[in-house]
Amino acid sequence: MELQGWILHCRAGYEQTLASEATMAAHERDVHGYCRARAQSAYVVFHAPAGDAPLPPQLVFARAGAGLIGELQGLPEGGRAEAIAAALPPAVGSATPWVEHPDSDAGRPLARFCRRFTGPLRHALTQTGVTSGDPQRRLRLLFPDSRHCFAGIGPREGWPSGIPRLRMPRNAPSRSVLKLEEALHRLVPENERPYPGEHAVDLGAAPGGWTWLLRERGLTVTAIDNGPLAPALADDPGVEHQRTDAFRFRPRTEVDWLVCDVVDRPQGIARLMTQWLREEWARAAIFNLKLPMRRPLETVRQALDAVRTTGARAHAAQLYHDREEITVYARRMASRNRP
């Protein structure tokens, strides 16, 4: 099946950054095309007129993506589902439909429509034989408004609109726990995720959201911060709280995990993470980089390049729970994966 480009979700305000990243990725794959990106729309469409686009690669500023198979405009209010089913190419085959909206001020009011439309759409697709609900693939329909949608096809990974369904734990000391939880699901392969008995260092730990999640997973944690931890963590024998500067702390022995949510210039955090990996103080790291207002994509690429000079593999994403920042996962290549 020919793919006419990519449908990409992003955080509102980062459309041009994602468009630049997508254009560069397409050029690296010898795919010719152009992007349509409207400010504050929370999505970007890359068009490949030759119909030779592969499935979209992992892009830092894309929350979710799919291969574009068509754009439908002027959909009727009555019989909308049947019109979509009739317009889809037969080569779509079997896939489970996801009805999505942009995560923007204009797009969020469509959430109710998307929920209610999913049932009629599935019925129409089944009736026409376009799809039979294959759980391994997704037919993604992005609605900028109720009469206009982009249709795409992609693998099962991720969440509708790139928005994870995570609940805030009742006893967690801060909402930052959701950021680390999302990072573990999205960036870290299952056989590389933290597991009981490992040891972690949390730089910039207070009040302790990331430390709390690591303890919930059975790790012991050295929490580094001059500020106080939540009382439950301060009394936890599995947490060692050291009141010192995150940039000066050095571990006594190699640790399994380094996590860092320190607010500092991205270049400074990248240098610190690079040092930890090069000196083999940590096997793996998850850390945030605060983004500058200007040239964020260049800043991210330079930071990832610096981390990779250590021989570590690294990739990053602007998560749903990130704001003006990205989250990076890096692991030394010599580190042994859990079987």
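The backbone N, Cα and C atoms fix where each Cβ goes, glycine too.
When secondary structure is read from DSSP and collapsed to three states, ASP245 (S-adenosyl-L-methionine binding site) falls in the coil class. Positions annotated as S-adenosyl-L-methionine binding site by Swiss-Prot: SER176, ALA206, PRO207, GLY208, GLY209, ASP225, ASP245, ASP261.
Using a 10 Å radius centred on the Cβ of LYS290 (active site, proton acceptor) and all shown protein chains, the other Cβ atoms total 19. What Swiss-Prot lists as active site, proton acceptor is LYS290, and the listing cites sequence analysis.
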Long-range Cβ environment of ASP245 (S-adenosyl-L-methionine binding site), under 8 Å and at least 6 residues apart: ASN226
Under 8 Å by Cβ from PRO207 (S-adenosyl-L-methionine binding site), counting only residues of that chain that are 6 or more apart: PRO173, SER174, GLY227, PRO228, LEU229, ALA230
Proximal but sequence-remote residues of the same chain as GLY209 (S-adenosyl-L-methionine binding site) (Cβ under 8 Å, at least 6 apart): ALA172, PRO173, SER174, ARG175, SER176, VAL177, LYS179, LEU180
